[in-house]
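Database features, via Swiss-Prot:
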ACT_SITE  62  active site, proton acceptor
ACT_SITE  128  active site, for ring-opening step
ACT_SITE  130  active site, proton acceptor
ACT_SITE  135  active site, for ring-opening step
């Protein structure tokens, strides 16, 4: 696992964009994308570049259950605002959090992933070690599934909503096995609230109680960290 220490998120975005361009040069067809604050600087680099993404596919990690794609806090809306409105892809896939049959929606998303093998997956990490919305205890062999969000995740996401009570309590997320199937992974971590999770991910045992620890078993992971996130290493 390669570690790159950066001064801030802006520098992290630039470093990640160079790695992304290397993947494109090597023939990448499908990008795995993430939401949250960590990848925004990368998306800004993509938007400001002259790189054409219109022949590429994208798949996103997750989506809240119960938020329409038009809701300003849905991950559909996030991706449109941060990237897709300016840099459209040939086709962009996100889980359907409004589906009447959520289990079928999860299975349908597995079918998408089977047809679009991820060449480069972007990840953040939760303070509890989650990747995607795969909370502690998620089986390592999990595929796309419906998730009950933990209190810590709901609390962390409440800053984006008018009140904690408006935060969705469920999501559809790519599973850990789905993430591990990506050929290459870039994980961002910024700030002291991520320091414990980064330490456990890298130095602790590989355990389902720290979902990100499974990345120790992946052949091609690059961590982009600031000093605060790397403080306990």
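Glycine is no exception: its Cβ is also placed from the backbone N, Cα and C atoms.
Note that the structure is predicted; figures quoted are calculated from it, not measured.
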What active-site residues among 128, 130, 135 are found with a C-alpha within 10 angstroms of that of residue 62 (active site, proton acceptor)?
none
With an 8 Å cut-off on Cβ-Cβ distance and a minimum sequence separation of at least 6, pull the same-chain contacts of residue 135 (active site, for ring-opening step), or say none.
128, 147, 148, 149, 150, 153, 211
Far apart in sequence but close in space: which same-chain residues, 6 or more away, have a Cβ under 8 Å from residue 130 (active site, proton acceptor)?
136, 138, 150, 153, 211, 212
